[in-house]
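Annotated domain 'G-protein coupled receptors family 1 profile' per TrEMBL: 61-301, in sequence order. Residues or ranges marked as transmembrane segment by TrEMBL: 47-70, 82-108, 114-136, 156-179, 199-218, 250-269, 281-303.
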């Protein structure tokens, strides 16, 4: 009796109402189920593109130097061995920058991060150490001019190469062997996954090597000035000629040392005072000039060398220009 008194107040058939209620329930349920969100697009940091481009340029330049020295048997003097070491280190640094870009966007994992940072640290350390070794070699070639071309010098060069590459490899292995901040982000430096202490050790080591290079170049400058003065007296050159030659030698040394300091000093000092909380743009802005040092090194140390110029001309055009063949070495060619 009570059921017969129930009134359909909507004026619609009961079957229609049941269907509508079912539709509303399914719509409500579907609205609560999250729809499949599209995967976010891969956003590439412009700074990483610039670093990868720099790495490509570094690799191409230094690969040419390595091939020239490797395929030319006449370029086996201590000076060319050290230039080859510098070019090889910069080549590996360029490859490391390229690999870092590829792994950062295509193959992200802790292992790839550690391997990449280890390669970059080892190669740039070897590059800086090779620059110091070249400075030592130049000093010895001037200070011990009479006994420089001896077996003792060759042996000493090989010892320097073994030491600098051994030290650089050990520095590169430190993050891989556990000295990293992947487990404790609070210990990270401006370059993750290097720890703050690791970055400090690298920065202090660089400052020490820079101070040593500065001292050696001051001594080289004094020797060059003395040699230029002696040559001027022996050949009765005018004082102005002696002044021009000496000034050229000092200018060359200033360019070498100034370029090295301008490229590496900003990142070195920034690594000492900053940590992972600082904006990454500062890290990129100071790291990029440091990579430019590996771009400039072949120009300063390899392509200015007369023997390498001859070898490069033979490879490119099969001849040696008369201007290169007849040019004599002067005291300013340091």
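In case you wondered, yes, glycine gets a Cβ from its N, Cα and C as well.
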When counting C-beta pairs under 8 angstroms to the transmembrane segment (156-179), the leading stretch of 82-108, 114-136, 199-218, 250-269, 281-303 is 114-136
Hey, does the transmembrane segment (281-303) touch the transmembrane segment (47-70), meaning at least 3 C-beta pairs closer than 8 angstroms, sequence gap 6 or more?
yes
The transmembrane segment (281-303): which same-chain residues, six or more beyond its ends, come within Cβ distance under 8 Å?
47, 50-51, 54-55, 57-58, 61-62, 64-65, 68, 83, 86-87, 90, 93-94, 97, 124, 127, 131, 134, 190-191, 255-256, 259-260, 262-264, 266-267, 270, 274, 309, 312
